[in-house]
Amino acid sequence: MNYFNTLNFRQKINQIKKCRFMEKKEFNKKNEILKNKKIVIVGCGSQGLNQGLNMRDSGLNISYALRKNSILKKNQSWINATKNNFLVGDYESLIPNADLVINLTPDKQHSNVVKELQKLMKKDACLGYSHGFNIVEKLRNIRKDITVIMVAPKCPGTEVREEYKRGFGVGTLIAVHNENDYSNMGLEVAKAWAFSTGGHRAGVLESSFVAEVKSDLMGEQTILCGMLQTASLVCYEKLITTQNHPGYAGKLIQFGWETITESLKHGGITLMMDRLSNSSKIRAFKLSQEIKEFSQNLFQKHMDDIISGDFSSKMIQDWKNKDQNLLNWRYKTKNTSFEQSPDYDKKILEQEYYDHGILMVAILKAGIELSFETMIQSGIMEESAYYESLHELPLIANTIARKKLYEMNMVISDTAEYGNYLFSESAYPILKEFVKNINNTDLGSALPRNSVNNIELYNVNTMIRNHPIEIIGRKLRSYMKNMKTIIVG
(Lines of atoms letter the chains of each structure in order from A; the text may use other names.)
(Lines give C-alpha, C1' and ligand atoms only; values in the text may rest on other atoms or scores of the structure.)
Protein backbone atom coordinates (compact mmCIF):
# COMPACT_ATOMS: atom_id res chain seq x y z
CA MET A 1 0.00 0.00 0.00
CA ASN A 2 1.26 3.50 -0.80
CA TYR A 3 1.21 6.51 1.54
CA PHE A 4 -1.75 8.16 -0.21
CA ASN A 5 -3.95 5.10 0.29
CA THR A 6 -3.24 5.05 4.04
CA LEU A 7 -5.01 8.41 4.36
CA ASN A 8 -8.71 8.64 5.11
CA PHE A 9 -11.04 10.34 2.63
CA ARG A 10 -10.92 13.74 4.34
CA GLN A 11 -7.12 13.68 4.51
CA LYS A 12 -6.88 12.76 0.83
CA ILE A 13 -9.14 15.64 -0.19
CA ASN A 14 -7.32 18.14 2.05
CA GLN A 15 -3.93 17.20 0.63
CA ILE A 16 -5.08 17.11 -3.00
CA LYS A 17 -6.64 20.56 -2.60
CA LYS A 18 -3.68 22.19 -0.86
CA CYS A 19 -2.57 25.05 -3.08
CA ARG A 20 -1.70 28.66 -2.31
CA PHE A 21 -0.12 31.16 -4.66
CA MET A 22 2.64 32.85 -2.65
CA GLU A 23 3.18 36.60 -2.62
CA LYS A 24 6.49 38.13 -3.67
CA LYS A 25 7.06 39.62 -0.23
CA GLU A 26 7.21 36.11 1.25
CA PHE A 27 10.62 35.80 -0.42
CA ASN A 28 12.03 39.02 1.02
CA LYS A 29 14.44 37.03 3.20
CA LYS A 30 15.85 35.59 -0.03
CA ASN A 31 18.01 32.58 0.81
CA GLU A 32 19.62 33.86 4.02
CA ILE A 33 18.58 30.77 5.99
CA LEU A 34 20.77 28.63 3.69
CA LYS A 35 23.79 30.93 3.54
CA ASN A 36 26.85 29.28 5.10
CA LYS A 37 24.98 25.96 5.31
CA LYS A 38 26.32 22.75 3.82
CA ILE A 39 24.05 21.68 0.97
CA VAL A 40 24.66 18.30 -0.63
CA ILE A 41 22.87 17.26 -3.80
CA VAL A 42 22.64 13.51 -4.35
CA GLY A 43 22.81 12.75 -8.06
CA CYS A 44 24.02 15.01 -10.86
CA GLY A 45 21.69 14.39 -13.77
CA SER A 46 19.55 17.01 -15.48
CA GLN A 47 17.76 18.35 -12.39
CA GLY A 48 20.72 17.79 -10.09
CA LEU A 49 23.28 19.64 -12.18
CA ASN A 50 21.11 22.55 -13.24
CA GLN A 51 19.56 23.23 -9.87
CA GLY A 52 23.04 23.09 -8.36
CA LEU A 53 24.40 25.60 -10.87
CA ASN A 54 21.57 28.02 -10.09
CA MET A 55 21.99 27.60 -6.34
CA ARG A 56 25.73 28.18 -6.52
CA ASP A 57 25.17 31.29 -8.63
CA SER A 58 22.76 32.41 -5.91
CA GLY A 59 25.55 32.30 -3.35
CA LEU A 60 25.10 28.88 -1.76
CA ASN A 61 27.64 26.19 -0.85
CA ILE A 62 26.88 23.20 -3.08
CA SER A 63 28.59 19.82 -3.30
CA TYR A 64 27.58 16.48 -4.82
CA ALA A 65 27.36 13.07 -3.19
CA LEU A 66 27.68 10.14 -5.57
CA ARG A 67 27.99 6.42 -5.02
CA LYS A 68 31.57 5.19 -4.67
CA ASN A 69 31.15 3.10 -7.81
CA SER A 70 30.04 6.17 -9.79
CA ILE A 71 33.15 8.03 -8.69
CA LEU A 72 35.47 5.12 -9.49
CA LYS A 73 33.94 4.63 -12.94
CA LYS A 74 33.81 8.40 -13.52
CA ASN A 75 30.27 8.08 -14.87
CA GLN A 76 28.17 10.88 -16.37
CA SER A 77 27.12 12.30 -13.00
CA TRP A 78 30.77 12.52 -11.93
CA ILE A 79 31.65 14.18 -15.26
CA ASN A 80 28.79 16.69 -14.90
CA ALA A 81 29.83 17.71 -11.40
CA THR A 82 33.61 17.82 -11.83
CA LYS A 83 33.46 19.57 -15.22
CA ASN A 84 31.58 22.38 -13.47
CA ASN A 85 34.11 22.54 -10.62
CA PHE A 86 31.89 21.21 -7.84
CA LEU A 87 33.22 19.30 -4.84
CA VAL A 88 32.36 15.61 -5.27
CA GLY A 89 32.47 12.93 -2.60
CA ASP A 90 30.82 9.67 -1.61
CA TYR A 91 27.85 9.44 0.73
CA GLU A 92 29.94 8.68 3.80
CA SER A 93 32.19 11.70 3.38
CA LEU A 94 29.54 14.36 2.67
CA ILE A 95 26.12 13.37 4.04
CA PRO A 96 26.89 13.31 7.82
CA ASN A 97 27.79 17.02 7.89
CA ALA A 98 25.09 18.25 5.51
CA ASP A 99 22.39 20.63 6.72
CA LEU A 100 20.28 20.08 3.60
CA VAL A 101 20.47 16.89 1.55
CA ILE A 102 18.65 17.14 -1.79
CA ASN A 103 17.83 13.80 -3.38
CA LEU A 104 17.73 14.34 -7.15
CA THR A 105 18.39 10.77 -8.24
CA PRO A 106 15.90 9.06 -10.61
CA ASP A 107 12.59 8.07 -8.98
CA LYS A 108 13.27 4.37 -9.34
CA GLN A 109 16.40 4.71 -7.18
CA HIS A 110 14.78 6.69 -4.37
CA SER A 111 13.88 3.82 -2.04
CA ASN A 112 17.43 2.47 -1.84
CA VAL A 113 19.05 5.92 -1.85
CA VAL A 114 16.87 7.33 0.94
CA LYS A 115 17.40 4.19 3.02
CA GLU A 116 21.16 4.86 2.87
CA LEU A 117 20.84 8.61 3.43
CA GLN A 118 18.79 8.21 6.60
CA LYS A 119 21.55 6.19 8.22
CA LEU A 120 24.05 8.99 7.60
CA MET A 121 22.09 12.22 8.06
CA LYS A 122 22.56 14.19 11.26
CA LYS A 123 19.72 15.08 13.61
CA ASP A 124 17.57 18.04 12.54
CA ALA A 125 18.85 17.98 8.94
CA CYS A 126 16.53 18.54 5.98
CA LEU A 127 15.89 16.04 3.21
CA GLY A 128 14.75 17.60 -0.07
CA TYR A 129 12.96 16.22 -3.09
CA SER A 130 11.94 17.74 -6.42
CA HIS A 131 9.23 15.15 -7.01
CA GLY A 132 7.24 13.45 -4.27
CA PHE A 133 6.70 10.10 -5.98
CA ASN A 134 8.74 8.12 -3.46
CA ILE A 135 6.89 9.66 -0.52
CA VAL A 136 3.35 9.45 -1.94
CA GLU A 137 3.34 6.34 -4.12
CA LYS A 138 5.41 4.15 -1.82
CA LEU A 139 5.05 3.80 1.94
CA ARG A 140 8.35 5.49 2.76
CA ASN A 141 8.82 6.36 6.43
CA ILE A 142 11.52 8.95 7.14
CA ARG A 143 13.23 9.39 10.50
CA LYS A 144 11.10 11.75 12.61
CA ASP A 145 14.01 14.07 13.41
CA ILE A 146 14.50 14.79 9.69
CA THR A 147 12.49 17.58 8.04
CA VAL A 148 11.24 16.53 4.59
CA ILE A 149 10.59 19.26 2.01
CA MET A 150 10.05 19.57 -1.71
CA VAL A 151 10.91 22.19 -4.30
CA ALA A 152 9.54 21.10 -7.66
CA PRO A 153 10.38 23.29 -10.69
CA LYS A 154 7.71 22.71 -13.31
CA CYS A 155 10.00 21.82 -16.20
CA PRO A 156 13.01 19.68 -17.13
CA GLY A 157 16.34 20.54 -15.50
CA THR A 158 17.76 22.03 -18.69
CA GLU A 159 15.03 24.67 -18.72
CA VAL A 160 15.54 25.45 -15.01
CA ARG A 161 19.02 26.60 -15.99
CA GLU A 162 18.10 28.36 -19.23
CA GLU A 163 15.36 30.45 -17.62
CA TYR A 164 17.69 31.36 -14.74
CA LYS A 165 20.38 32.51 -17.16
CA ARG A 166 17.80 34.72 -18.86
CA GLY A 167 17.27 36.44 -15.51
CA PHE A 168 13.94 34.75 -14.92
CA GLY A 169 12.91 31.34 -13.53
CA VAL A 170 10.28 28.64 -13.80
CA GLY A 171 7.03 28.17 -11.92
CA THR A 172 7.66 26.05 -8.84
CA LEU A 173 5.69 24.06 -6.27
CA ILE A 174 7.00 23.82 -2.71
CA ALA A 175 5.79 21.61 0.12
CA VAL A 176 6.59 20.24 3.55
CA HIS A 177 5.72 16.60 4.25
CA ASN A 178 2.99 16.42 6.90
CA GLU A 179 4.72 13.59 8.73
CA ASN A 180 8.15 15.25 8.87
CA ASP A 181 8.46 18.87 9.99
CA TYR A 182 10.62 18.25 13.03
CA SER A 183 11.90 21.81 13.48
CA ASN A 184 8.86 23.67 12.13
CA MET A 185 11.26 25.35 9.70
CA GLY A 186 10.55 23.27 6.62
CA LEU A 187 8.63 25.98 4.77
CA GLU A 188 11.36 28.59 5.34
CA VAL A 189 14.03 26.25 3.99
CA ALA A 190 11.88 25.36 0.98
CA LYS A 191 11.30 29.05 0.21
CA ALA A 192 15.05 29.73 0.33
CA TRP A 193 15.77 26.79 -1.95
CA ALA A 194 13.10 27.96 -4.44
CA PHE A 195 14.55 31.48 -4.33
CA SER A 196 17.99 30.07 -5.14
CA THR A 197 16.79 28.29 -8.28
CA GLY A 198 15.00 31.44 -9.50
CA GLY A 199 11.51 30.04 -8.98
CA HIS A 200 10.31 33.08 -7.02
CA ARG A 201 10.56 35.19 -10.19
CA ALA A 202 8.01 33.04 -12.04
CA GLY A 203 5.60 32.27 -9.21
CA VAL A 204 5.58 29.72 -6.39
CA LEU A 205 2.69 27.61 -5.14
CA GLU A 206 2.66 26.28 -1.59
CA SER A 207 1.32 22.78 -2.15
CA SER A 208 1.48 19.29 -0.65
CA PHE A 209 3.45 16.23 -1.67
CA VAL A 210 0.18 14.55 -2.67
CA ALA A 211 -1.09 17.43 -4.82
CA GLU A 212 2.27 17.77 -6.58
CA VAL A 213 2.52 14.08 -7.41
CA LYS A 214 -1.04 13.52 -8.61
CA SER A 215 -1.12 16.67 -10.76
CA ASP A 216 2.43 16.21 -12.05
CA LEU A 217 1.79 12.65 -13.20
CA MET A 218 -1.42 13.69 -14.96
CA GLY A 219 0.13 16.65 -16.75
CA GLU A 220 3.21 14.85 -18.01
CA GLN A 221 1.30 11.76 -19.15
CA THR A 222 -1.27 13.72 -21.14
CA ILE A 223 -0.69 17.16 -22.62
CA LEU A 224 2.92 17.85 -21.60
CA CYS A 225 4.62 14.76 -22.99
CA GLY A 226 2.13 12.09 -24.07
CA MET A 227 0.06 14.33 -26.33
CA LEU A 228 3.12 16.10 -27.78
CA GLN A 229 4.73 12.77 -28.62
CA THR A 230 1.57 11.27 -30.09
CA ALA A 231 0.77 14.38 -32.13
CA SER A 232 4.35 14.67 -33.41
CA LEU A 233 4.25 11.15 -34.82
CA VAL A 234 0.73 11.37 -36.25
CA CYS A 235 1.12 14.85 -37.74
CA TYR A 236 4.42 13.99 -39.40
CA GLU A 237 2.96 10.86 -40.98
CA LYS A 238 -0.07 12.85 -42.20
CA LEU A 239 2.19 15.47 -43.80
CA ILE A 240 4.08 12.76 -45.68
CA THR A 241 0.86 11.22 -47.02
CA THR A 242 -0.13 14.64 -48.40
CA GLN A 243 3.14 14.84 -50.38
CA ASN A 244 5.04 17.30 -48.19
CA HIS A 245 8.85 17.17 -48.30
CA PRO A 246 10.05 14.98 -45.38
CA GLY A 247 12.50 17.66 -44.28
CA TYR A 248 9.82 20.35 -44.29
CA ALA A 249 7.39 18.08 -42.46
CA GLY A 250 9.98 17.28 -39.80
CA LYS A 251 10.91 20.91 -39.27
CA LEU A 252 7.29 22.08 -39.15
CA ILE A 253 6.61 19.63 -36.31
CA GLN A 254 9.94 19.84 -34.48
CA PHE A 255 10.01 23.64 -34.26
CA GLY A 256 6.28 24.18 -34.60
CA TRP A 257 5.49 23.11 -31.03
CA GLU A 258 8.05 25.54 -29.61
CA THR A 259 6.96 28.43 -31.84
CA ILE A 260 3.23 27.98 -31.26
CA THR A 261 3.47 27.38 -27.50
CA GLU A 262 5.54 30.54 -27.12
CA SER A 263 2.26 32.45 -27.40
CA LEU A 264 0.87 30.45 -24.46
CA LYS A 265 3.54 31.91 -22.17
CA HIS A 266 2.44 35.46 -22.86
CA GLY A 267 -1.30 35.24 -23.45
CA GLY A 268 -2.56 31.71 -22.92
CA ILE A 269 -4.85 29.88 -25.31
CA THR A 270 -6.47 33.20 -26.21
CA LEU A 271 -3.28 34.61 -27.72
CA MET A 272 -2.41 31.31 -29.40
CA MET A 273 -5.78 31.29 -31.14
CA ASP A 274 -5.52 35.01 -31.95
CA ARG A 275 -2.39 34.28 -33.98
CA LEU A 276 -4.66 32.56 -36.53
CA SER A 277 -6.82 34.27 -39.12
CA ASN A 278 -10.51 34.42 -38.24
CA SER A 279 -11.41 31.53 -40.55
CA SER A 280 -8.49 29.45 -39.25
CA LYS A 281 -9.43 30.21 -35.64
CA ILE A 282 -12.97 28.93 -36.16
CA ARG A 283 -11.63 25.81 -37.88
CA ALA A 284 -9.11 25.16 -35.07
CA PHE A 285 -11.85 25.63 -32.47
CA LYS A 286 -14.09 23.06 -34.18
CA LEU A 287 -11.22 20.57 -34.51
CA SER A 288 -10.31 20.99 -30.85
CA GLN A 289 -13.89 20.28 -29.76
CA GLU A 290 -13.86 17.05 -31.77
CA ILE A 291 -10.49 16.04 -30.29
CA LYS A 292 -11.74 16.68 -26.76
CA GLU A 293 -14.81 14.55 -27.38
CA PHE A 294 -12.95 11.41 -28.46
CA SER A 295 -10.05 11.90 -26.01
CA GLN A 296 -12.03 12.51 -22.84
CA ASN A 297 -12.31 8.88 -21.75
CA LEU A 298 -8.57 8.31 -22.19
CA PHE A 299 -7.67 11.40 -20.13
CA GLN A 300 -10.09 10.36 -17.39
CA LYS A 301 -8.70 6.82 -17.30
CA HIS A 302 -5.18 8.13 -16.79
CA MET A 303 -6.34 10.42 -13.99
CA ASP A 304 -8.28 7.59 -12.31
CA ASP A 305 -5.27 5.26 -12.48
CA ILE A 306 -3.04 7.98 -11.02
CA ILE A 307 -5.40 8.68 -8.12
CA SER A 308 -5.90 4.99 -7.30
CA GLY A 309 -2.20 4.16 -7.51
CA ASP A 310 -2.75 1.65 -10.32
CA PHE A 311 -0.39 3.54 -12.64
CA SER A 312 2.39 3.61 -10.04
CA SER A 313 1.99 -0.09 -9.27
CA LYS A 314 2.38 -1.01 -12.94
CA MET A 315 5.39 1.24 -13.40
CA ILE A 316 7.10 -0.09 -10.27
CA GLN A 317 6.52 -3.61 -11.61
CA ASP A 318 8.25 -2.57 -14.84
CA TRP A 319 11.19 -1.31 -12.77
CA LYS A 320 11.40 -4.79 -11.25
CA ASN A 321 11.34 -6.24 -14.77
CA LYS A 322 14.43 -4.18 -15.65
CA ASP A 323 12.38 -1.56 -17.54
CA GLN A 324 11.27 -4.03 -20.19
CA ASN A 325 8.28 -1.96 -21.35
CA LEU A 326 10.10 1.35 -21.05
CA LEU A 327 13.06 0.19 -23.13
CA ASN A 328 10.81 -1.34 -25.80
CA TRP A 329 8.83 1.89 -26.11
CA ARG A 330 12.02 3.95 -26.20
CA TYR A 331 13.40 1.80 -29.03
CA LYS A 332 10.15 2.11 -31.01
CA THR A 333 10.15 5.89 -30.65
CA LYS A 334 13.77 6.20 -31.73
CA ASN A 335 12.98 4.39 -34.98
CA THR A 336 9.85 6.30 -35.98
CA SER A 337 9.81 8.18 -39.28
CA PHE A 338 9.58 11.53 -37.47
CA GLU A 339 12.72 10.87 -35.43
CA GLN A 340 14.55 9.80 -38.59
CA SER A 341 13.35 12.74 -40.72
CA PRO A 342 16.07 14.64 -42.64
CA ASP A 343 17.24 18.17 -41.87
CA TYR A 344 15.66 21.07 -43.72
CA ASP A 345 17.82 24.16 -44.21
CA LYS A 346 15.18 26.55 -45.55
CA LYS A 347 13.69 29.02 -43.09
CA ILE A 348 10.08 28.70 -41.99
CA LEU A 349 8.67 32.07 -40.95
CA GLU A 350 7.01 32.34 -37.55
CA GLN A 351 3.51 32.94 -38.89
CA GLU A 352 3.79 29.97 -41.23
CA TYR A 353 4.00 27.63 -38.24
CA TYR A 354 0.54 28.87 -37.23
CA ASP A 355 -0.96 29.10 -40.73
CA HIS A 356 0.23 25.62 -41.73
CA GLY A 357 -0.37 24.13 -38.28
CA ILE A 358 -4.08 24.63 -37.59
CA LEU A 359 -4.36 21.00 -36.47
CA MET A 360 -1.38 21.44 -34.13
CA VAL A 361 -3.02 24.48 -32.55
CA ALA A 362 -6.26 22.51 -32.16
CA ILE A 363 -4.44 19.60 -30.51
CA LEU A 364 -2.72 21.93 -28.06
CA LYS A 365 -5.97 23.69 -27.15
CA ALA A 366 -7.83 20.40 -26.69
CA GLY A 367 -5.08 18.76 -24.67
CA ILE A 368 -4.52 21.72 -22.35
CA GLU A 369 -8.21 22.20 -21.62
CA LEU A 370 -8.94 18.51 -21.20
CA SER A 371 -5.98 17.94 -18.88
CA PHE A 372 -6.97 20.98 -16.80
CA GLU A 373 -10.66 20.00 -16.67
CA THR A 374 -9.88 16.41 -15.66
CA MET A 375 -7.61 17.53 -12.83
CA ILE A 376 -10.23 19.97 -11.53
CA GLN A 377 -12.88 17.23 -11.56
CA SER A 378 -10.52 15.14 -9.40
CA GLY A 379 -10.16 17.81 -6.71
CA ILE A 380 -6.90 19.43 -7.81
CA MET A 381 -6.97 23.21 -7.49
CA GLU A 382 -6.95 25.48 -10.53
CA GLU A 383 -3.49 26.96 -9.86
CA SER A 384 -1.89 23.51 -9.67
CA ALA A 385 -3.77 22.31 -12.74
CA TYR A 386 -2.65 25.39 -14.71
CA TYR A 387 1.01 24.84 -13.81
CA GLU A 388 0.81 21.17 -14.79
CA SER A 389 -0.91 21.75 -18.12
CA LEU A 390 -0.48 25.10 -19.85
CA HIS A 391 2.43 26.68 -17.97
CA GLU A 392 4.96 23.88 -18.39
CA LEU A 393 4.06 23.09 -21.99
CA PRO A 394 6.35 25.66 -23.73
CA LEU A 395 9.28 24.41 -21.66
CA ILE A 396 8.72 20.83 -22.80
CA ALA A 397 8.27 22.00 -26.40
CA ASN A 398 11.69 23.66 -26.18
CA THR A 399 13.31 20.25 -25.67
CA ILE A 400 11.69 18.83 -28.84
CA ALA A 401 13.09 21.78 -30.80
CA ARG A 402 16.60 20.73 -29.78
CA LYS A 403 16.65 17.04 -30.74
CA LYS A 404 13.05 15.98 -31.40
CA LEU A 405 11.44 13.41 -29.10
CA TYR A 406 14.80 11.90 -28.14
CA GLU A 407 15.78 15.06 -26.29
CA MET A 408 12.42 15.36 -24.55
CA ASN A 409 12.53 11.81 -23.29
CA MET A 410 16.13 12.11 -22.15
CA VAL A 411 15.62 15.21 -20.00
CA ILE A 412 12.25 14.42 -18.44
CA SER A 413 12.17 12.08 -15.44
CA ASP A 414 12.04 8.30 -15.79
CA THR A 415 8.52 8.46 -14.36
CA ALA A 416 7.45 11.03 -16.95
CA GLU A 417 8.99 9.03 -19.78
CA TYR A 418 7.14 5.86 -18.77
CA GLY A 419 3.83 7.71 -18.45
CA ASN A 420 4.38 9.44 -21.77
CA TYR A 421 4.83 6.15 -23.62
CA LEU A 422 1.89 4.56 -21.81
CA PHE A 423 -0.44 7.37 -22.91
CA SER A 424 0.94 7.48 -26.45
CA GLU A 425 0.37 3.75 -26.95
CA SER A 426 -3.37 4.30 -26.45
CA ALA A 427 -3.68 7.77 -27.99
CA TYR A 428 -1.76 7.10 -31.22
CA PRO A 429 -4.32 4.88 -33.01
CA ILE A 430 -7.21 7.16 -31.95
CA LEU A 431 -5.56 10.34 -33.22
CA LYS A 432 -4.27 8.62 -36.36
CA GLU A 433 -7.80 7.57 -37.26
CA PHE A 434 -9.06 11.12 -36.72
CA VAL A 435 -6.51 12.81 -38.99
CA LYS A 436 -7.41 10.54 -41.91
CA ASN A 437 -10.39 12.77 -42.59
CA ILE A 438 -9.00 16.25 -41.97
CA ASN A 439 -8.53 18.79 -44.75
CA ASN A 440 -5.16 19.45 -46.37
CA THR A 441 -5.45 23.06 -45.20
CA ASP A 442 -5.59 21.85 -41.58
CA LEU A 443 -1.93 20.82 -41.72
CA GLY A 444 0.83 21.69 -44.18
CA SER A 445 -0.83 24.47 -46.13
CA ALA A 446 -2.80 27.60 -45.33
CA LEU A 447 -6.55 27.96 -45.16
CA PRO A 448 -7.81 30.79 -47.42
CA ARG A 449 -8.82 33.90 -45.48
CA ASN A 450 -12.53 33.59 -46.18
CA SER A 451 -15.18 35.86 -44.74
CA VAL A 452 -16.69 34.62 -41.47
CA ASN A 453 -19.97 35.01 -39.66
CA ASN A 454 -19.66 37.75 -37.03
CA ILE A 455 -21.88 36.00 -34.49
CA GLU A 456 -20.01 32.71 -34.86
CA LEU A 457 -16.65 34.45 -34.43
CA TYR A 458 -17.92 36.36 -31.40
CA ASN A 459 -19.19 33.16 -29.77
CA VAL A 460 -15.92 31.31 -30.46
CA ASN A 461 -13.87 34.16 -28.98
CA THR A 462 -16.11 34.29 -25.91
CA MET A 463 -15.81 30.55 -25.26
CA ILE A 464 -12.02 30.64 -25.66
CA ARG A 465 -11.52 33.60 -23.33
CA ASN A 466 -13.96 32.46 -20.64
CA HIS A 467 -12.63 28.94 -20.20
CA PRO A 468 -11.57 28.51 -16.53
CA ILE A 469 -7.93 27.92 -17.49
CA GLU A 470 -7.86 31.31 -19.21
CA ILE A 471 -9.34 33.05 -16.18
CA ILE A 472 -6.81 31.59 -13.72
CA GLY A 473 -4.08 31.96 -16.34
CA ARG A 474 -4.53 35.70 -16.62
CA LYS A 475 -4.11 35.97 -12.86
CA LEU A 476 -0.99 33.81 -12.69
CA ARG A 477 0.68 35.29 -15.76
CA SER A 478 0.45 38.75 -14.20
CA TYR A 479 3.26 37.51 -11.93
CA MET A 480 5.42 36.52 -14.90
CA LYS A 481 6.16 39.80 -16.65
CA ASN A 482 9.84 39.17 -17.44
CA MET A 483 9.63 36.04 -19.60
CA LYS A 484 12.03 36.15 -22.53
CA THR A 485 10.96 35.25 -26.05
CA ILE A 486 12.56 32.49 -28.10
CA ILE A 487 14.36 32.76 -31.43
CA VAL A 488 12.16 31.06 -34.02
CA GLY A 489 13.77 27.93 -35.49
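For all residues, glycine too, the Cβ spot is worked out from N, Cα and C.
Taken from Swiss-Prot, the feature domain 'KARI N-terminal Rossmann' applies to 16-207. Confidence over the domain 'KARI N-terminal Rossmann' (16-207), given as mean pLDDT on the 0 to 100 scale, stands at 96.
Among the features that Swiss-Prot reports, NADP(+) binding site is placed at C44, G45, S46, Q47, R67, S77, D107, K108, Q109, G157. The Cβ neighbour count for C44 (NADP(+) binding site), using a 10 Å radius over every protein chain in view, is 29.
Note on H131 (active site): other Cβ atoms within 10 Å of its Cβ, all shown chains, come to 25. In three-state terms derived from DSSP, H131 (active site) belongs to neither a helical nor a strand segment and is classed as coil. Among the features that Swiss-Prot reports, active site is placed at H131, with the record citing sequence analysis.
The annotation domain 'KARI C-terminal knotted 1' is assigned in Swiss-Prot to 208-343 on the grounds of sequence analysis.
Residues or ranges marked as Mg(2+) 2 binding site in Swiss-Prot (evidence: sequence analysis): D216, E388, E392. Take the CB of E388 (Mg(2+) 2 binding site) and look out to 10 A: across all protein chains shown you find 29 other CB atoms.
The Mg(2+) 1 binding site annotation in Swiss-Prot covers D216, E220. Cβ neighbours within 10 Å of D216 (Mg(2+) 2 binding site), excluding its own Cβ and spanning all shown chains: 26.
According to Swiss-Prot, the feature domain 'KARI C-terminal knotted 2' maps to 344-483.
Following the DSSP three-state reduction, the secondary structure of S413 (substrate binding site) is coil. The Cβ of S413 (substrate binding site) lies under 8 Å from the Cβ of Q47, P106, D107, H131, E220, each of which sits 6+ residues away along the same chain. The substrate binding site annotation in Swiss-Prot covers S413 and is backed by sequence analysis.
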Local Cβ density at E220 (Mg(2+) 1 binding site) - other Cβ atoms counted within 10 Å: 24
Winner by Cβ contact number (other Cβ atoms within 10 Å) across the binding-site residues D107, E392: E392
CB within-chain contacts under 8 A for S46 (NADP(+) binding site), separation at least 6: P156, G157, T158, V411
Candidates C44, R67, Q109 (binding-site residues) - the one closest to E392 (Mg(2+) 2 binding site) by CA: C44
All-chain count of other Cβ atoms within 10 Å of R67 (NADP(+) binding site): 19
D216, E388, E392 excluded, remaining Cβ within 8 Å of their centroid (Mg(2+) 2): K154, S215, M218, G219, E220, L224, Y387, S389, H391
